[in-house]
Amino acid sequence: MRVGVLAVQGAFIEHEKILQNLGVECLELRNGKDARQDVEGLILPGGESTTQGKLLRELDMFEPLREKIVAGLPVLATCAGLILLAEELANDSARYFATLPVRVKRNAYGRQLGSFYTEEQFGDLGKVPMTFIRAPYIESVGEGVEILAKVKGDIVGVRYKNQIGLSFHPELNGDRRIHQMFLDSISDGKSAPCKQKAV
């Protein structure tokens, strides 16, 4: 199995280490040629979403990756990656891939709680460690979106067809269960194409 990892900015190395420990080949995606390579899954890591969005376009990666996501390529998106997938951003006109029917608020926890750690229930996996770093959260979800996790009432994890979006960083805690769930969804072929929306 080969998974593409967006590697233009952000915490991509940590994702790669977990995937490699799970026996998965990683392809770092750094330019348009990389973005057009065949992969069986895609990781959109944390980082700075505005910078990532700008680089995706400048490096000719935006359209080929968006086409893959729309066609049903399984995606695991964390923190900034969630922002890239979101159809709508609160108090922000910016839009990126816009393939995940959720409304996301950037830096939702403010400066005092900009970074924190907790353990909460995640789908059927039980309690998992969650590290939040200047994290967004999901204000609302559209039809067909499964809520996987909440922290103090705020939605921090969702699944929609081929896309898993997380507010937190599962790659920073050494717990492999979420990555394994993502890989299992690839192996099981559970992902499905998402509806095309105009950008």
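Cβ coordinates are placed from backbone N, Cα and C, and glycine is handled just like the others.
As annotated by Swiss-Prot, active site, nucleophile applies to Cys79, with the evidence given as sequence analysis. As annotated by Swiss-Prot, active site, charge relay system applies to His169, Glu171, with the evidence given as sequence analysis. Residues or ranges marked as L-glutamine binding site in Swiss-Prot: Gly47, Glu48, Ser49, Arg106, Ile133, Arg134.
Locations of recorded Swiss-Prot features on the structure.
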residue	record	DSSP class
Gly47	L-glutamine binding site	coil
Cys79	active site, nucleophile	coil
Arg106	L-glutamine binding site	coil
Ile133	L-glutamine binding site	strand
His169	active site, charge relay system	coil
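Each of the recorded positions Cys79, Ile133 was scored by the number of other CB atoms within 10 A of its CB, and the lowest score belongs to Ile133. Ile133 (L-glutamine binding site) has Cys79, His169 nearby among the active-site residues Cys79, His169, Glu171, counting only those with a Cα within 10 angstroms of its own Cα. Take the mean position of the Cβ atoms of Gly47, Glu48, Ser49, Arg106, Ile133, Arg134, the recorded L-glutamine site; other residues of that chain with a Cβ within 8 Å of it are Gly10, Gly46, Cys79, Ala80, Ile83, Asn107, Ala135, Pro136. Residue density at Arg106 (L-glutamine binding site): 19 other Cβ atoms are found within 10 A of its Cβ, drawing on all protein chains shown. Site extent for L-glutamine: among the recorded binding residues Gly47, Glu48, Ser49, Arg106, Ile133, Arg134, the largest C-alpha separation is 13 Å.
Across the recorded positions listed here (Glu48, Glu171), the residue whose Cβ sits among the most other Cβ atoms within 10 Å is Glu171.
Comparing C-alpha positions, His169 (active site, charge relay system) sits nearest to Cys79 among the recorded positions Gly47, Ser49, Cys79, Arg106, Arg134. When the alpha carbons of Ser49 (L-glutamine binding site) and Cys79 (active site, nucleophile) are compared, the span between them is 8 angstrom. For the recorded positions Arg134, His169, the largest tally of other C-beta atoms within 10 A is found at His169. Applying an 8 A CB threshold to same-chain residues 6+ apart, the list for Gly47 (L-glutamine binding site) reads Gln9, Gly10, Ala11, Phe12, Cys79, Ala80. For Ser49 (L-glutamine binding site), the Cβ neighbour count at a 10 Å cut-off comes to 25, with all displayed protein chains included. Cα to Cα, Arg106 (L-glutamine binding site) and Glu171 (active site, charge relay system) are separated by 20 Å. Taking the C-alpha positions, the distance from Glu171 (active site, charge relay system) to Arg134 (L-glutamine binding site) comes to 16 Å.
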